[in-house]
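For reference, the structure discussed in these notes is given below.
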Amino acid sequence: FADEHLRDENTPENHSTEPSIEKMLEFSVNRSKKFIENGCRGFFIMAEASQVDWAGHGNDFEYLMREMSDLEDGIKWALEFAKKNQDTLVVVTADHETGGLLIEPNDPRKYENLDIKFSFNTGIGRGSHTGVPVPIYAYGPGAENFTGTLDNTDVHKALLAAANQDKSGSCVN
């Protein structure tokens, strides 16, 4: 879709001209189905919502909310696909947390472009990576391997285990 970033905080208008995560997933899955039609036993797609990270670095809450909404739409699409295609595993995680989102009951802030329905002060902390554990969510066959607290290297092992559940077939294309 692009050699580098599709959009950033300086080009929010590109949200209407560049594909969303949902549309990129849909395109990628439809393209990958051709591998299965040619005898491959499956496919792997990794989608990254990297602008969530950049919004955290920039301490830009409105930018963060736009990017989280785009990510949420992509996750919803992936889960709907997985419900219809029950041999599909969807895993959602992060490699780190950035910024340290703060929600405090004092000094509420008004956001011009967001419909926020609570009166808490929201902000982002330091704008750098934190040591906060990141969640991992999984749905589909092999999801049981993604429970509890995992070391990031265990995520790789769990993905490999899920991919090897069915050893039939091959892909020479």
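For all residues, glycine too, the Cβ spot is worked out from N, Cα and C.
Residues or ranges marked as Mg(2+) binding site in TrEMBL: GLU48. The Cβ of GLU48 (Mg(2+) binding site) lies under 8 Å from the Cβ of no residue that is in the same chain and 6 or more residues away along the sequence. Taken residue by residue with DSSP, GLU48 (Mg(2+) binding site) is part of neither helix nor strand, so it is coil.
Annotation source TrEMBL lists Zn(2+) binding site at ASP53, HIS57, ASP95, HIS96, HIS129.
When Cβ atoms from all protein chains are considered, those within 10 Å of HIS129 (Zn(2+) binding site) total 15, not counting its own. Taking the Cβ of ASP95 (Zn(2+) binding site) as centre and 10 Å as the limit, one finds 11 other Cβ atoms among all the protein chains shown.
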